[in-house]
Every structure is written in C-alpha cells, then in structure tokens.
Amino acid sequence: MATSVATRRRAAHRQPALRSLTSLVTWGWERLGAPVDGRKVPGTRIVAVTSLLVGYLACLYTIGQGTNLDYSDAQSHLTIARRIFDSKAPGFEQLGTVWLPMPHLLLAPFVLNTWLFSTGWAAGLLGILALSATTTGLYLIAARLGLGRAGRLATTLVVLANPAVLYVYTTALTEPVLIMCIVGGMAGLAHWATSRRRMSAGELAVFAGIPSAAAVLSRYEGWALVMTGTLFVLVVAKRRTGGWREAFIMAGGYVMVPAAAVLWWISYNWAIYGNPLEFMFGQYSAYAQQKNITDGGLLPTKGNLGLTLTTFHWSLLETAGMVVLALAACGAVVLVFRRGFANSTLLVAVTGSAYAFALLSLFLGQTAINNDHSLPSTWWNNRFALTALPLVAILVAVFVHEITRPARLRPWVIGALLATLAAQNAWWNEDPTGRLAVLAEGRMSAESTTNSTAAARWLHDHYESGGILMDESARGNAVLPVMGIPLKEIYNRAAGDYFGPALKDPAKYAKWVFVNVEAGTGARDSGPTDLVYRAMVSDPSFNVRYSVAFSTPTHRIYERSSD
Amino acid sequence: MTQTPARPRARSHAGAIILACAATLALSAVTAPGAIAAPPEGAALRTSSSVSALAGQNEQTLVVPVTAGLEPTRVKGTIVVSGKPEGTVRATVNGRVVLETKAAASIPLDAAVSAADMTAADVAGQQLTVGLQFVAATQTMCVVSNATATLNNLAVDFSGTAKVPTTVGEFFPASVPAVVLPVPAEPGADVSAAIMTASAAMSHRYPDAAVSVVPDTELAARAANLPAGSRVLSVVADQGETSTELATAAGLPQLILSGHDDQLRTAARALSSDKTALAVTSSVTGLTSALPAAPGLVQSLKDLGSSTLKLSGYGTPESYVGVTQSQFGGPVSSVKVQLKGTHTAVPDNAQAQVSVFWNDYLLSSKNLDGGDTFTVDADVPAGQLQAKNGLRIRLAALPAGGDCTGPAGVMPMEVTVDTAGSNLTAVRGGSTKAGFARFPQTFGQSVPVAFGPGNAQANTVNAASLVASLQRDSATLLDTRMVGLDDLAGSSESGLVVGATADAANRLSAPLRLAEFRTIAPADVEYGVGTTAPFGVLEAFEQGGRDLLLLGAWAPEGDTAGASTLQASLASHVSGVEGGWASLSRNLLVTQPSGTPVLLESNVVVPQKAVTDDYRPYAWWIGGAVLILGLAFALRTVLMRRRAKAAQDYVDAEQKATEPGHGN
C-alpha cells in the first residue's frame, strides 16, 4: 500500500514536469513563428542555443576522429593565430599578408592554450560560436523578410543538416568566420531595411557596418559584400526618403567602418612590408600563387565562363546537395514573382554578392577550384562554394515559406521536404568523402600529408628541448598544431631574424631539423621549396653534425649528433 | 609418417593453365628457320618461356603442341633453382620422369623423347606435356621453403613432316601456335567485320595462340617467322553462299572464308566453335553460329574453372581461383561469395582455420571445429573489385600442441570445397574508374566498331588486333560488328573507334583531343611530343554513361602517313605487351615517335583548348537563369496590372452605383 502511494506521488510529481516540458516546447514552437516586434525577433535564442549544441556535437565527432585538422590550411590558420603570442618574434606582424587577419584575431584567444591549439578545439570553439551566429543571423534575415516559421526554420536546417557545412565549422578554415560576418552584415541591413522606425546612420554603422567590416577583414568576398551593400543602402534610402542627400548619408554610415577596415589593412601592409599592395602582389599573395598555376596552363576557367559555371556549381552541388539547390532555384523564381524588385529582393541579391564574387574570381583567374568535374579533376578549394550558402539558405526559406502557405497542405509539404532532406543525408552518409566535395578535399589533403603528420607526431612524442629548425611554409610542412610544441621553440620563416642564421648554422641553434626531402619533385603548384632542405643539401657538414632520427619517403627528422 | 608439404596443391589448376598459356604464347615467338608446312628433319622448337615450381608444390606443367606429322626427339632446357637448393628436382614428359636429381643452382635438361610421350590433343593434333616439380627437403610440417625451380629456354627437337590439313576439322586442331589473318586492300564493311569477328573467334578458341592481323602484303613476311602448325585464316568477299576453302599461303595451311554481308560475320563467329572439328570435308557451306548465351550473374567455382579444390596438410596450404568481371557477362558492382565445403575432424589441441581472400584482402576467416562442414559468406567490399580478381582460399592448420616437428603419423588436415555448390553472386554495375580497367567487361558480348574516314585496311588491321587483345581477357566471345561513327556517337552502347580524326575525338569528348598537348610534368612524354612531334593515342573513357575506346593519332601539318604508322604501332604494342590488356592501366596510352608507348592519366595533360571549348556553351546557363527570372517578373507585372485594373473597375462601378441619379 505504502509503495502504491509513493508511486502515485512520483507519478503525480512527474505529470507537472511533463506538462511543463510540453508547455515549454509549445511556447518555443510559438516563438519560432511569432511576428517580429521591433528589434526583437522571437525564437532567436532557441535557434542560437540549438546551433551551439549541434556545433558542439559536430566538434566532438570531427575532433574525436582527428579530421578537423585534415586541411593543411586549417593547421596554418591555427599556427598564425598562436604565433601572435607564441613565436621567436611574436607580435601583430605575425598575422602576415597571405590571409586577411580577422579569422586569426578571433582564433587568438582560443589558441593560447596548447591543448586547444594542438587538438584543434580552439577552432572548434570559435566554429561553434560562428555556427550559432550564422544560423541565428539567417533566422533573423528570414524573419525580417516576413517569412513564417517554416521558412525561418528552413534557413536553419540548410546549415545544420549539412555535414559539409558542419565539418567546415569545426575546422580553422576561414569560411566559418567569413560566413558569420557576411550573415551578420546582412542581418543588420535587413533590420535597417525593414524597420518601421527610421534608423540613424550611426545605428546602421553599428548593426551592419561593423559585421561587414569584419567580413572585409575575413576574406575578399567581404569586399564585394560591402560594395553591393552600399549600393543597396543607397537605393533603399532613396526609395524611402526620395532624396539623394539622405541616401548618401545612410550609405556613408554603412560603408565608413568597412572602409576604415580596408584602409587599416592597406596601412598594415605598408607599415610591415613597405608596400600597401603587398597582399595583392607580394611573394606569398594569391596572385603570385595563381601565376604559377596560370603559367602551367592549369587555370582553364580563366576567360571561360562556361567552365567557370560548371566548375563552381559542381562544387556547390557537391557541398549543398541537389535537394537544397533545387529548392533555392525555385525560391529565386518565387521571390521575383512575389516581390518583384522590392527592397527584400534586393537584400537577397546582396546576400548573393559573395557568390557572384567567387564566380568572378574564378572567371578572372584569381582563384582556382577543382573537383571531380573540373579540368583537371582533383579536389581543391571546394569550400569556396560555401560563400553561396547564405544566398541558398535564404532562397530555400523563401520557397519553403511559399509552398507551406496553404494550411491544409502544410504538414504534407513539410513532411515531404524533411523526408527528401533526410534522403539526401542518407545518400551522403553512404560515401561522405566521395560525395561531399569538402570532405573529399579534406581526405585528399590528409592523405597527402600522411608522412609529415607522422613526422610531426614523432617529434611531439620525442621532443624535450633544444629547438627545431623547419620551413613551415614548404609543401606538407603545415603540421605545427599536430606537433603541439610551443612555437617559440621553432626556427621557421615566421621567426624573422632568427631564421637566416639558423639556416646557415643549424647545429648552433637547433637540436632537431624537420625537413621535406622531396624538393623539386612536386607538382608545379604545390608550394614553395623547403628552404631548410635547400640549406641542408648545400652544407657538406650537415650529415656529420646531424643524424636521421625519423624518416619517411617525403619527410625526415634529424637530430644533432652531439649536444 | 608421410609429411605433407605445406603447399600441396597450391594454385595447381590455375597455375598450370597460366603457365601453359605463357609457354604456348611464347612458342608463337619460336624461331624456326624455314618453318613451313613440311619442316626439315631435326628442326627444333625453341621457346624463351619458362615453367616454375615452388618447393613443395605439385608438378607444374607446360603443354607444347606438336603438329600432326611431327615427332619429338629430344627435350632440352635449363633448370635454375632460386633460393636454397635443398631437395630434389624432377622433370617429366607426359608423366614419365626424364630427370630426377638433387637440387642445384643450375641443372641442364636434355632428355630423349619419342612419339610415345605425346598425347593426342584431338584428331588433328598432338601435344607434349613437360612437367617440373621441386620436392623440398622437409623442414617441418608447417614451414615451407620458398625456393623455386624454373625450367628456362625449353627446346624440343623433332623429326618428320607436318601434315597438311585436308579437312576443315583438321585445320582446327586442339591447339595451334599462331594464327595470321591477312586483310585485303580496301576491304568492305562486311569483310572488316568478319575479320574482326574471326580475330575474336581465334583468340577465344586458341587462348594460347598468337593471333596476328596483317595487311595481306605483309603475310609472307609474318608467316616466315611462325612455327610449324600455324594457320592462315583469310576472309574474302563473295556474293555467293558463305563457304570455306582450304589452301596454302606463305607455306602455311590456309582457310579461306568467303561470303557477304552479315552471313560472313556469323560464319566467322562459327569458327570459334569446337564443332568445326567435326567437319570432315575440305569445304563447308552455310557456316553459321548463334552467339553463345551470356553468362549469368551467379557463377559456381566450377563454372569459373575450378572443378576440384582441395587443401590438405599443416601450415598454410592455399588455392587460387581467378575471377574476371567478364565471367559474369559484363561489369559488376559487387560480388557476394558463398563457399561450402567439408573438412576432416580437427584433432584435439590442433587448430585449423579456413580464410578467404579477395585480391589479397581478407574477406572472411573461420575456425574449423565441431562438425565436418563449413560455409563462408562474405561480401567483397566496394573498391576491392577489379577487372581481373583472385579468390584465394587458405587453410591454416597447426597440429596438436602446435608441434610442427612431429610426431610421425599425424593425420593431415584436409578441406574440400564444394566447387559446384559454392557460388559467387554478382550485381551488375560499375566498380572501376573510367579507363582501360573497364574493358573488356563493359562490352558484355557486343562490340560495335566504327572506323574513321580513310584507310579501311589499316583500320581493320588495328581494330582486329585490339579486338584480339580484348578477347584474351574476356570469358565470353565478343561479337564484333561495324557501325557508322554517327551511329556510335548517337547510341548509348560502349564501343571502339579506330582511325579517329580530331573531329571524332571532339565529338566523343575524348579526354585527349587529337591536337597539340602538353603534360603537367614535361618528363611524362618525350620532348616535342604533342607540340612538334606526332603522337598516337589509345584512349579509354566514359562518355554519356557508356565506355569508349578510341584509337587515333595527331601529326603536325597533317602528316597522315605518320599518324597511320603510330596507330598501327599502338595496336601492335597492345597485342604484344606482356600481361596483355590487363597490363594497361589509367586511361591513355600514348605512343611517341621513338621509345615505348607510355600510359598516362588524362589528368596529367594540361587541358587542351578543344576540351575547354566544350564547356563554353554552358555560359548560356546565365542567360537561361536571367530569362526565367525575367519571365517570372513579367508574369508578376501582367498579373498585378490585371488585378489593378480589376480593382479600378470595381471602384469605378461602386462610384457609379453611389452617384446621385444612378438607377433612376
């Protein structure tokens, strides 16, 4: 009897808990479909928290597997961020000029911890935040465009139900920061364009200008965003006020922060390298790298629009998936049909500026993308297709919103869409690294650095002290996070004035030498030759003073023979 | 106790076949001066081929066909032992021991043989079976020596006079060393198709023979180097009924097949059948044959050529069964292996396992314990399936207590696989990357062949040579037929294009266009090739969901003769390359003015202008997208205007209705 009473009590206790959970879900569900109220967009926090959770799970998976460090570039970004503080020559000049600085600046606080740096969790944590910001921003844009619950959630699902996107957000690649900033800028512009209250130029600068400036300092696609964004502000402000003066004031308000960011970057290049356009034409610039490829005839997209479109869209298709792209295409038609060239349509068009910029860069030969349908076919830079993600997500949202309008059909339509998305994921899951371009490229990158990674791991296990001489910029040598050794122990190109003397007399400085021994045998576009190897072969005494401690077909580790 | 060697029957069946093939193939290269229908007495058949026997392995044999009328007198050669020469080397002829001696680094073989040592291959031919066995000095019952005895440079002296065949049946004995097919000048499409079919038929019927196709003007030169017993098979156009005629050409027996249209081709196909041996007249009319039924997707080990499969002893005895995709009648995407068998009781404290490997990948492994039967079910994982595969079954057995040194009288473990009841079940589909590895299985049984414009004789020679090479790797008879280039381009069938022009290569989207090219790594081809020096290329590629083979050439300033020579040299290279068609990897075989042809991946070719230009039309996608969006906007505008007009009309009507005096 007593047991029975206790059970009933527990059940009675559980019922309110169940009721409160049900009411919480109901409340959340209603919030996700509630109309926008001024600055507040109901449901934002729900999306943000959910995305944080999904991002964390994605990190647990990829970092657990070690695939988050598959891309050599990912390891380079982690290294650049850390060497601002931890290097033979620490300082902001370590940001370099090859890449824009924002991703490294945002990574910097996370890489201070060696474990976070060497496991890649530093990038994972930033990626989780970036994923949350991206989905939240897309949700905000969808809500500001007047889309209902189905449309808003569709934008979120496009991101969160895509393994390639989730993978990239667990790495230190620049895309998570870039997309976050683009979406942030777009969300600010959407707020400004749809707000009933006239926002000031200052408010526009804060809500749209600052994220856009961050995008400008993340990747050059951000520059395209600012250009089209400025045009958008000009047109919308003119439509609203009818006066050019007001329009120019608003456009100026938006563009001033990004413009300051551009000026800062040019000044930085001037100050550090003595050339304001070092980032465009310098030794390590994309231009210099592309020149080798162009000279080798391996940039066939240059001047060939058809091949440009084919190459880019295969990357996009093998990243976003057929289902999502088909919905997005339908969304574009629906958008123009429903809204013509209204401000909301223009806003969506601005979202696509990064996509257009990526296409233009490919057509002009400023970037190279390779996939299994390109010429030649290999895997290279497929993640650039992710710049189209915001546009695709918004267009999908527009279409989903449209087709779920009839309440009678809504459950069926939503069910069918979810089933199709699940089928797409199931198909990907059968062969993820064969069917998702971003993952295929990661695997290829990892396979190409198997030897250097093994060497780095060996050094991680055996290094105690004495310094390491290596040319981290050479092909396959971007393995410092895997090595997991404080960067101040390493004599490399980033060591500035320490590197030259160490090359001349390695034994005086470094107990260990990490070297790529395949110099001159690699492909034309495979990166700079290992300066350490070059110095080593020209030094007849090297083999007397050092002995091989670890060897692979491409990489060797030498240890000083006597201390 | 008899201590069983650890590899008692290792690869005995398949190995014997392979070695016999190799040996007889090599016999095609025999140098027999004056090898004509009636060779002088005392002539020798000499071969540079060899037969090898691993220590402990069963006897390995080499079959030497002997033309009717000839009688062998001596067998000569050298046996070389690699590894530790510990044990006994034994050579036999038709099972009769002609040499048994202690192993040494080098052992000469020179033994007398006679007609009694021959076995009848069929009514029209005889053969000599030379065997080699290396009985290793036993170490333990589990460990086997890895020493090998190899019989090199086998030569057979013979006497007598080769018998000239007088019936069609005698023309096709059980084995022949070589068959030559001369191609007349300017052959019609029916003759070309029949020659290609005959080439496939001969390669199918005589897998060990050297089948060569030459322009008829080169027949004498080619025949001069062929061994006795070789045959000439000619195809000529004749408007009468299809018939055969026996003759002599260049000193060799010749069969002339005449006829026209498709009957000529089906008659040529009939030559692949053993039933022709039943023809006891010198001329046969109305020769025809239906295409054999395509093999199914379920094949037993027996169907695959392994009639008995038994493993016995301790250690790791194993057996090998070759499995090609063509044995399933076409390309397959996956294979399920189901093996059934029985085994002797495993003694107490002994251990025994049976393991199944696919191309050296372990598919499954089972402990043999209670009971006397076993089954193995395993799927071949994606990526492990190639055009030619090997299924290896290994018994790993340890005697009681793991003591490999004794005691005497230990019962050997034995495993017998039920070859009729053990099946391989395949699923039709693709498993290999586009390239040479997809051939010949991608054809199934049908090979449509299209010629480029120009020299039909050269195209026929090249096409028939390629078909012969493909046939050697195909378990089923390839049915070759001529189609127009337009028809092939417009169809969805896999096919072969020979004598392709630059236009044809462009039209078929070949990975290497017949135009100037360079490779990413300049060292891949000779300096100048593709820019100033001509090149010939055989390409294997996927186009429109089917696979194509394309043979063509490019030469600066339209040097057609040079281009033709390069194509012929490529076809000839493929015919004679060691390892046959299976040795071709990647998707391009490029021949150069000097040096050997090189295999390339089209990815190492810097994209040619003709290739990149193929993509330019896709630029219209943008136009299409703009058009669709424009139409959507136009439709919106029209509908909005209509709606505005309707609203205006409604307002006007309302106003009119409320106007004073309205309705009065």
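Using the three backbone atoms N, Cα and C, a Cβ is placed for every residue, glycine included.
What TrEMBL says about this protein:
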- A:46-64: transmembrane segment (TRANSMEM)
- A:115-141: transmembrane segment (TRANSMEM)
- A:153-170: transmembrane segment (TRANSMEM)
- A:176-194: transmembrane segment (TRANSMEM)
- A:223-240: transmembrane segment (TRANSMEM)
- A:247-266: transmembrane segment (TRANSMEM)
- A:312-337: transmembrane segment (TRANSMEM)
- A:344-364: transmembrane segment (TRANSMEM)
- A:384-400: transmembrane segment (TRANSMEM)
- Message: Given a Cβ distance threshold of under 8 angstroms, which distant residues of the chain, six or more beyond its ends, lie next to the transmembrane segment (A:153-170)?
- Response: 32, 47, 50-51, 54-55, 58-59, 61-63, 67-68, 120, 123-124, 127-128, 130-131, 134-135, 138-139, 141-142, 176, 319-321, 324, 327, 383, 386, 389, 392-394, 396-397, 400-401, 417, 421, 425, 428-429, 432, 436-439, 442
- Query: Restricting to the same chain and to residues at least six past its boundaries, which positions have a Cβ under 8 Å from a Cβ of the transmembrane segment (A:247-266)?
  - Reply: 100-101, 189, 200-202, 204-205, 208-210, 212-217, 222-223, 226, 229-230, 233-235, 237-238, 241, 276-277, 279
- Determine whether the transmembrane segment (A:115-141) and the transmembrane segment (A:312-337) share at least three Cβ pairs under 8 Å, counting only pairs 6 or more apart in sequence. no
- Note on the structure: Lying 6 or more residues past either end of the transmembrane segment (A:312-337) yet within Cβ distance under 8 Å of it, the residues of that chain are 154, 158, 162, 164-165, 344-345, 348, 358-359, 362, 369, 371-374, 381-386, 388-389, 391-392, 394-400, 402, 417, 420-421, 423-424, 428, 435-438, 440
- Intrachain residues whose Cβ lies under 8 Å of the transmembrane segment (A:176-194), provided they are six or more past its termini: 36, 39, 102-103, 106, 126-127, 130-131, 133-134, 137-138, 140-141, 144-146, 168-169, 203-204, 206-212, 214-215, 218-219, 221-222, 225-226, 229, 232-233, 236, 254, 343-344, 347, 350-351, 354, 386-387, 389-390
- So which residues does the transmembrane segment (A:46-64) touch in its own chain, when a touch means Cβ under 8 Å and the partner is 6 or more beyond its ends? 28, 31-32, 119-121, 124-125, 127-129, 131-136, 139, 152, 156, 159-160, 166-167, 169-171
